[in-house]
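Working notes, structure below.
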Amino acid sequence: MRIRHVVFCLLALVYGAETSDDDLDERTNIFIRDKLIPALKLAEVTKVNFTRLHLCHCSREVGCNARTTGWVPGIEFLNETDRSFYENTCYTDGSCYQSARPSPEISHFGCMDEKSVTDETEFHDTAAKVCTNNTKDPHATVWICCDKGNFCANETIIHLAPGPQQSSTWLILTILALLTFIVLLGIAIFLTRKSWEAKFDWYIRFKPKPGDPLRETENNVPMVTMGDGAGSSVPEVAPIEQQGSTMSTSAGNSFPPGIMPNNMKDMLDVLEETSGSGMGPTTLHKLTIGGQIRLTGRVGSGRFGNVSRGDYRGEAVAVKVFNALDEPAFHKETEIFETRMLRHPNVLRYIGSDRVDTGFVTELWLVTEYHPSGSLHDFLLENTVNIETYYNLMRSTASGLAFLHNQIGGSKESNKPAMAHRDIKSKNIMVKNDLTCAIGDLGLSLSKPEDAASDIIANENYKCGTVRYLAPEILNSTMQFTVFESYQCADVYSFSLVMWETLCRCEDGDVLPREAATVIPYIEWTDRDPQDAQMFDVVCTRRLRPTENPLWKDHPEMKHIMEIIKTCWNGNPSARFTSYICRKRMDERQQLLLDKKAKAVAQTAGVTVQDRKILGPQKPKDESPANGAPRIVQKEIDREDEQENWRETAKTPNGHISSNDDSSRPLLG
């Protein structure tokens, strides 16, 4: 019973498969008769024999699309359902073909019309020739062409001979080995590049030149035969007493004077200057400045690197170490120091520069004088100043800035062009031991072109420096960057902020210094590290300026200082003082201050003399002749008491000295 059921199932499967194939073939014939042929006639296709029309499977990867001959979806009069169902199908009155190739095994299908010999692509051209027996060339692929019905080429499975198999493991290992070799070769070339460069340079310098007498000398050396042996010959050797007129080379040859090869002379000259190569006498080379400096510690860092303290021949120096990526900035600042006649007491003194190999990296050193007090920013963090010190600091800074801005004429080798610093701030101003200042960090400075007709200085990327100290015309991009004086006006604005910072740390009478941590321009309205947009809003849109101490308006000196500061930070660049005018104004105020102090001292001395005449000398009541200790003279006591009484009666409620003449007030602080 079970056997009958199994046989029945097998017969049902076979019958179902045959029925399914018959249904598909009949559906295809109905599609050709009722839809495809009418659509082709509507499309006015006349080169096809409609009585032999059948369908074939076509491969999309070789062009089964609108370019393929007889592509069914390319017929515009068919509906979308038929186009989608017959997407990978073509029609033909000729042959269906299948091609297969090994390694990797790929099969392609398509149509070839009876009257067509070629197609648009090379593949179809080959198929047309194969199916029409028009080629005798051997092919690496296997072809099948048939015309017995719909999709006839799909019925045959092409069995290809197995090709040579390559292990993927060996392929991966081969690739890895090749990559490893390339990497090692690159590392070896990188590590030995200096040696190869030196050898190449040696070859270029000492390669034999055409017409070199070396070969002629070798060819013209007389030969003598030693013994009876044939071919045993050596050059004739001159007597010892005649060898004084020859020069011996490292190769053992001798050449009479005047005919030594030029390249040999060059080689001997180089060998005589060797520093220990083993091919000549050892000579000592002078150490560069980098080899004579001993670094003792880092003192700060900046935009292009860090600053260290060093010892150079017993003198303390500052060494600015540039990063390797900032070599253009190093060369620019070095070139400015070396070629611009920048010897001025209020400009940081340049000592030298060098390239130092530390064994790991190559460092770029710029050596300047060292000031233990550090920058003005650091100095104000630790100290307060009085009016005298304020004038010393700011007047010297203005003097250095005026020196940079002014042009000094001279010969071509000894003239200084007008310059703009472009990064004036308290961190770039050094405080010297005499409480004067020196301007440093000239890496962003700009020189006026020597050609007067060329008035362009920099490109449009002129917004450089510290954002907090940028002038309004730079923040709002209205600066005339082709006019050199515009950069100097921007320097004056930055200098006014430095003057304000220093004034905030000034202490005199009732005027107390501001907290050091808050002495930062615009800190009330900006972050510690503001962006361009934030500074633009504060300085240009809202037109704010750093806040003033209300007591400054009543101070005899600070009110004049604020007048200078307000003029220098004016929003209109043309309304600002020049750096030279700033220096002149502070010179005048400082001189008036010194005159007041001298006049006050003179008046005090005059009062003491007058009192001495009126009171006369008096003996102290406790005078004891028997006492051997030095006696105190009564007139000295009276002088001190009178000075103290004068000071007490002269003080006003605000702590200032009162007088009808302001110039009689002594210097406070």
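Keep in mind that glycine also has a Cβ here, set from the backbone N, Cα and C atoms.
Residues or ranges marked as signal peptide in Swiss-Prot: 1-19. Here Swiss-Prot flags ASN49, ASN79, ASN133, ASN154 as N-linked glycosylation site, drawing on sequence analysis. The transmembrane segment annotation in Swiss-Prot covers 171-191, and the record cites sequence analysis as its basis. Residues or ranges marked as active site, proton acceptor by Swiss-Prot on the basis of sequence analysis: ASP423.
Features per Swiss-Prot, on structure.
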residue : record                       : contacts (Cβ under 8 Å, 6+ apart)
ASN79   : N-linked glycosylation site  : none
ASN154  : N-linked glycosylation site  : HIS57, CYS96, GLN98, PHE109
ASP423  : active site, proton acceptor : ASP441, GLY443, LEU444, SER445, CYS464, GLY465, THR466, TYR469, SER494
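For ASN49 (N-linked glycosylation site), the number of other Cβ atoms no farther than 10 Å from its own Cβ, over all displayed protein chains, is 12. Classification of ASN154 (N-linked glycosylation site) by DSSP places it within a helix.
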